[in-house]
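Enquirer: So TrEMBL lists the following for this protein:
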BINDING   His157, Asp181, His183, Asp185, Asp266, Asp268  Mn(2+) binding site
Amino acid sequence: MSIIGRRGIHFLHKLNAENVPVALIEKGQSRVIDASLTLIRERAKLKGELVRALGGAVASTSLLGVPLGHNSSFLQGPAFAPPRIREAIWCGSTNSTTEEGKELNDPRVLTDVGDVPVQEIRDCGVDDDRLMNVISESVKLVMEQDPLRPLVLGGDHSISYPVVRAVSEKLGGPVDILHLDAHPDIYHAFEDNKYSHASSFARIMEGGYARRLLQVGIRSINNEGRVQGKRFGVEQYEMRTFSRDRHFLENLKLGEGVKGVYISIDVDCLDPAFAPGVSHIEPGGLSFRDVLNILHNLQGDVVAADVVEFNPQRDTVDGMTAMVAAKLVRELAAKISK
Ligand SMILES: [Mn+2]
């Protein structure tokens, strides 16, 4: 593992040293988790009260950051993405109106409940089984505040599993997923990590959280990716046939007969010419406009979404990919809110 690949993240690997009782550690971990969830719960509650007091919103987007990068197989930089994306959303270089005319300054369109304190929780020695549950729980806390709907800022793509699981459990059934990515992320367990960012959609499909999974932008797929795709009935749209599939993909109708639509955008679905700040640079991708055409024309009730895999450590010095990720978030927020 290169120093560059792991730079910037430190946590206590082993808290349960020989002479420290396990119960002491576990009690402390539970207190830290409770405190973490309390802040998210109270912020979500306040934002929900605000939106309901303003009135008139059927669905309202609320940002939830999940700064997690350690389930990446290569670089951990996506852990640093959420504050960079927020900074770019509100950057003074552009106005706060989305392309189709939604006003982002209106809390009925966009609010924020902050970040799951992933690094703080890991620093206390909490393992991934428990950490993933904290992420799911945080998503549910947002959804409890009707009409708030979570738009999650990654983080690496491993976070989509606990997020989709929470959305499906909270709504009481599967969703249709539109997944834009260079990669299918459907390995059974990449490098023996069942929570790997390359395995999140295997977990989602095994869990029965999705009826349909449409993968768009795919151009780095091996035999296991295709076999797993077939096994789970995934609709894989590869870049090599995009010109043929374009009309279909720009006129999607999803989510009918299930609990709605979930959109997961890996920033590397874009060609690296548009978004160089990603861990896995894969040429031959979608243009930014291709992605917006797919999103703007999609018919369906979008119940939640994520934007993942933006890696600020690979971005240009002027933060171009941060602006790209922020615009995806802005347009998704407009799509969700109504
Ligand atoms: Mn990817």
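Each residue, glycine too, has its Cβ placed from N, Cα and C.
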Enquirer: Beyond the listed site residues His157, Asp181, His183, Asp185, Asp266, Asp268, identify every same-chain residue whose Cβ lies within 8 Å of the center of their Cβ atoms for the Mn(2+) site.
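Expert: Along the chain, the qualifying residues are His179, Ala182, Pro184, His197, Ala198, Cys269, His280, Val308, Glu309.
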Enquirer: Just checking, which of His157, His183 (binding-site residues) has the fewest C-beta atoms within 10 Å of its C-beta?
Expert: His183
